[in-house]
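Here is the structure we will look at, set down as structure tokens.
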Amino acid sequence: MGLSDGEWQLVLNVWGKVEADIPGHGQEVLIRLFKDHPETLEKFDKFKHLKSEDEMKSSEDLKKHGTTVLTALGGILKKKGQHEAQLAPLAQSHANKHKIPVKYLEFISEAIIQVLKSKHAGDFGADAQGAMSKALELFRNDIAAKYKELGFQG
């Protein structure tokens, strides 16, 4: 299920665009996640009270968390699948503390793809979308394996 060097290059090329505005991208990803899958909002005590898109857009906490999420994901993507050291603490916190099911990681992966398609259409064609989907699936599969090791049924 690994990615070729060419696929990793496509992933990292578009990720460079994300890094030019991590707070903006992170905010958009979380807003899309919460709009498309409102049940995910229940896992975020800081954001549960945000009901409208306008409230979400004006939330500094949401923007900060989006930055945290995409910064962590960027660090993992740059490892090109050799992300064990980065993944272990992330899996631990998401399993034991936050109780985030793997399904929600699928939902945020979808949100990431949709945001990249809307913001970077010219740099995120079918090949790049396919490569990013594979990279995010690899990440989710590895998180799921860690969850299993930790005894979390998410």
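Each Cβ is built from the backbone N, Cα and C atoms, and glycine gets one as well.
For the domain 'Globin' (2-148), the number of residues in each DSSP class (helix H, G, I; strand E, B; coil) is 117 helix, 0 strand, 30 coil. What Swiss-Prot records for 2-148 is domain 'Globin'.
Sequence-distant contacts (6 or more apart, same chain, Cβ under 8 Å) of Ser4 (phosphoserine) do not exist in this structure. Here Swiss-Prot flags Ser4 as phosphoserine.
The nitrite binding site annotation in Swiss-Prot covers His65 and rests on similarity to another entry. The number of other Cβ atoms within 10 Å of the Cβ belonging to His65 (nitrite binding site), over all protein chains shown, comes to 17.
Per Swiss-Prot, O2 binding site is recorded for His65.
According to Swiss-Prot, the feature phosphothreonine maps to Thr68. Cβ neighbours of Thr68 (phosphothreonine) (same chain, under 8 Å, six or more residues apart in sequence): Gly26.
The Cβ of His94 (heme b binding site) lies under 8 Å from the Cβ of Ile100, Ile143, Tyr147, Gly154, each of these being in the same chain and 6 or more residues away along the sequence. Residues or ranges marked as heme b binding site in Swiss-Prot (evidence: similarity to another entry): His94.
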